Amino acid sequence: MHCMASGAANSTMAAAAVTRRTNAGLLHVEGAATNGDGGGEGGESGRWTPAAKRPVVDDGGKGDVWVAVDEADVSGGAAAAGCEDGGRPPLFRTYKVKGSILHPYRFLILVRLIAIVAFFAWRIRHKNRDGAWLWTFSMAGDVWFGFSWVLNQLPKLNPIKRVPDLAALADQHGYSSGEDNKLPGIDVFVTTVDPVDEPILYTVNTILSILAADYPVDKYACYLSDDGGTLVHYEAMVEVAKFAALWVPFCRKHSVEPRAPENYFALKTQTYKGGAPGELMRDRRRVRREYEEFKVRIDSLSTTIRQRSDAYNSVKNVKDADENATWMADGAHWPGTWFEPADNHRKGHHDGIVQVLLNHPSYEARLGSPASVDNPLDFSSVDVRLPMLVYISREKRPWYNHQKKAGAMNVMLRVSARLSNAPFVINFDCDHYINNSQAFRAPMCFMLDGRGGGDGTAFVQFPQRFDDVDPTDRYANHNRVFFDGTMLSLNGVQGPSYLGTGTMFRRTALYGVEPPQYGAAASQIKAMDKANKFGSTTSSFVSSMLDSANQERSITPLGTVDESVAGDLAALTTCAYEYGSSWGRDVGWVYNIATEDVATGFRMHRQGWRSVYCSMEPAAFRGTAPINLTERLYQILRWSGGSLEMFFSHSNALLASRRLYPLQRLAYLNMSIYPIVTIFILAYNLFPVMWLISEQYYIQQPFGTYIIYLIGVIAMIHVIGMFEVWWSGITLLDWCRNEQFYMIGATGVYPTAVLYMLLKLVTGKGIYFRLTSKQTASSSSDKFADLYTVRWVPLLIPTIVVIAVNVGAVGLAMGKAATATGGLLSQQAWFAVLGMVFNVWILVLLYPFALGVIGQWGKRPTVLFVALAMVVAGVAVMYVAFLSPYDQAEWSAGVAAALGQAGPLTKQPSGS
Ligand SMILES: O=c1ccn([C@@H]2O[C@H](COP(=O)(O)OP(=O)(O)O[C@H]3O[C@H](CO)[C@@H](O)[C@H](O)[C@H]3O)[C@@H](O)[C@H]2O)c(=O)[nH]1
Ligand SMILES: [Mn+2]
């Protein structure tokens, strides 16, 4: 029991080891101050309400936490008070945490550092004579906890917030489309795999939100990569292109927000902008009707295609080998996968496809037509052009390792280079739609900022925000501690890590080029090409790379897709293209790792690039998150497994050159080894079992002093945590959820990840990670049905065992306290109660997990408490009946009896 006490305590020390996405989160504070909708929590925050007149960008300056940094300091004193380039105002403002919060925060970190050193020194001076192995193990554990705390804490010393200034961008780079618009081009990438696992409605919404974004329509192009190669996706895009002709002008005419139709029509409150609200209501009603019809067409695509194919197949020569072909609307065989898999037309085995669905628009604005009988919407003053839209499905062959998302991204990078070749690239997952139409402009403020260094920025990362998370965010899906705490801290070092979605890149950085201070991009590209790093390059591809180094560049208008273009595209999407090249290592997204995102961002930081964290209000993007316990655990299994893989790869932070900032290196090291701590956490959590075997184990003596030290270092970690809650602006609930989910991960997922990693090291076989399944939106009446669904997998077992052990331990502690010689005030009773406090603490942390595994019962958790009380009482009674007083023979008999009925028990150590 005593041992248990320290176990819990120490794991709490580690619990603050805030690591990649093991954390939770809430609503954005900064924004709350500026646009009247700060209210709601979780899912609803950052949505549009009538109060938000114009997309408001997070104004970090307001509030009582962040203070503006003198811009002259930021630019190394070179610029006169924030102006350079002939008085051009800067495109973003920088804020730091004000001194009255920052200084005590840093001071506490220092004090705790001293405290843990003193603690270790004391432990070494008071080495246990009996149970030395336990002492050694726990010492190793504590040293590891301390070390990971340092890795986690030091990069947080200097949180920085940077706020884009969209007005300044508009002044300098032309706002209105048409005349003198100097905004650069952007290629937008979206990835999807399967129209069922990733409901196609999400993808459709995402694409529509991109097409309707507030960015010069001739300056960006949208690419969808479909790794499933299904005709359903392709035809959905055909439908999208048609519906966009209505949706996009409608969005422009009334400046609606957000521009993803599903989310727009789901809004309860409406924004009244522009002219007559009456006209908006009329138009809206019409568009909504069209949208409902559009959705019906999308939903029935799979049936439509099947029926069409059946019809064709029955007419055509049935003896033909292609008797089960899937047919396109124009009467041709679909080159991708077929409903009835056939050679060269099944999953993982089909040709590459590139289809331009909407070509690059003209440079001249084109106004729509006035209202008429067939078209009741008046678009006569609205530009009705649509941006370019391209469907891609790369070639797939069974003998080739496709590298999942990373492979898909690299193909998109090449295809887009040939078709539009924008100097900037922004990517998101199919379930992340644009929630703020300014989302493409904001990152430009960082990329184009004139103060030396804008061009040293490789990527701009937006936080991930999620819809449809249960209101109490049971499994810490919002991850605010990570997004608003850890990422803002890194923003003050070299920049946030790349998080896979909602990220704008400088194209040359993706090609593996080093930042400008280490040589001109053009000469680097030439040298890399000579070294054959880009693969079997066509010369046009290399020249496109040279072009894309110009950050002022727009996009290449694509004429017709003639034979030479088609030939290039075919070559760029093949598996063979990358053979013998550096794709997946020095070029493009990084391969052979479950978390390609962190590794890819790491390569850039390692080369000396910087990155910027950009949060907007309302949130730039919103996505979906897994609210089912099993799905969520699988997701963090992939993240934690990927982290470990990173450590055992060429992306190990210790191997990076000196261009990686020291604190950034610590942060990456932390990000890649955090799951290891689980070995100690799990051991501590399971220690009570040991008291069955022997009674003499002590972690540390004298026990009283030990407890005081522990309480001290644990309390400090929480006080420091409160400072972080303060400056990051998250809520206490976010913070608590984060602590809880950390413990849940540490008891089941991280040990599994460590095992996987060991297996990989031994067998050389990579880790298989599955796609995170998306909630099936709108299908069920209960929005949060997934929360109450239990999917049993072995991954759940370790945590269940930990819960059982700790519940048993609480019962025992009660039994002990009740039977203590000398009554309730004796030291024996006191220790028992102390131990119990920590067991209870573990149980509180694991509570969301317990709710998860009881499924539907979780809606009325009283059941859980009744069951808990009964088990605890049962164990306590059994202790009193069999184990006390301490007669050894009786004790053994008691253990035998208890083991038969109630699981693990502990025995009061003698002589305490
Ligand atoms: O073979 C594949 C597998 C996945 N994807 C796409 O990759 C994206 C992310 O996959 P998902 O399973 O949804 O992963 P999440 O756990 O939701 O993703 C988070 O974590 C990933 C890294 O582990 C990042 O790549 C993601 O951007 C980030 O949102 C989705 O758009 C998929 O369509 C592909 O294109 N091809
Ligand atoms: Mn996802």
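Cβ atoms here come from the backbone N, Cα and C positions, even for glycine.
Record features (TrEMBL):
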ACT_SITE  Asp227  active site
ACT_SITE  Asp597  active site
BINDING   Glu198, Asp227, Lys404  UDP-alpha-D-glucose binding site
BINDING   Lys405, Asp429  Mn(2+) binding site
COMPBIAS  36-45  compositional bias 'Gly residues'
REGION    30-54  region 'Disordered'
TRANSMEM  105-124  transmembrane segment
TRANSMEM  131-151  transmembrane segment
TRANSMEM  673-694  transmembrane segment
TRANSMEM  706-729  transmembrane segment
TRANSMEM  741-759  transmembrane segment
TRANSMEM  792-814  transmembrane segment
TRANSMEM  829-850  transmembrane segment
TRANSMEM  862-882  transmembrane segment
- [ ] Using DSSP reduced to three states, classify Lys405 (Mn(2+) binding site) as helix, strand or coil.
- [x] helix
Open item on the list: Between the transmembrane segment (706-729) and the transmembrane segment (741-759), are there three or more CB pairs that fall under 8 A, provided the residues in each pair are separated by 6 or more in sequence?
Closed with: no
Open item on the list: Is it true that the transmembrane segment (105-124) and the transmembrane segment (706-729) have 3 or more CB pairs under 8 Å, sequence gap of 6 or more?
Closed with: yes
TODO: Return the member of Glu198, Asp227, Lys404, Lys405, Asp429 nearest to Asp597 (active site) in space, with distance defined Cα to Cα and candidates limited to these recorded positions.
DONE: Lys405
TODO: Determine the Cβ neighbour count for Asp429 (Mn(2+) binding site): the number of other Cβ atoms within 10 Å of its Cβ.
DONE: 24
- [ ] List those of the recorded positions Glu198, Asp227, Lys404, Lys405, Asp429 whose Cβ lies under 6 Å from any atom of ligand 2, in sequence order, or write none if there are none.
- [x] Asp429
Task: Additional residues around UDP-alpha-D-glucose, ordered along the sequence, whose Cβ is within 8 Å of the centroid of Glu198, Asp227, Lys404 - done: Thr191, Thr192, Val193, Asp194, Gly228, Lys405, Ala408, Leu771
Task: Packing count at Asp597 (active site) (other Cβ atoms within 10 Å of its Cβ) - done: 24
Open item on the list: If I take the Cα of Asp227 (active site) as reference, which of the binding-site residues Glu198, Lys405, Asp429 has the closest Cα?
Closed with: Lys405
Open item on the list: Please report the Cα separation of Lys405 (Mn(2+) binding site) and Glu198 (UDP-alpha-D-glucose binding site) in Å, rounded to an integer.
Closed with: 14
TODO: Rounding to the nearest whole angstrom, report the longest C-alpha distance spanning Glu198, Asp227, Lys404, listed for UDP-alpha-D-glucose.
DONE: 15
Open item on the list: DSSP secondary structure for Asp597 (active site), reduced to helix/strand/coil, please.
Closed with: helix
Task: Cβ neighbours of Lys404 (UDP-alpha-D-glucose binding site) where a neighbour is any other Cβ within 10 Å - done: 18
TODO: State which of the following recorded positions has the fewest other Cβ atoms within 10 Å around its Cβ: Glu198, Asp227, Lys405.
DONE: Lys405
Open item on the list: Tell me the Cα distance separating Glu198 (UDP-alpha-D-glucose binding site) from Asp429 (Mn(2+) binding site), rounded to the nearest angstrom.
Closed with: 10
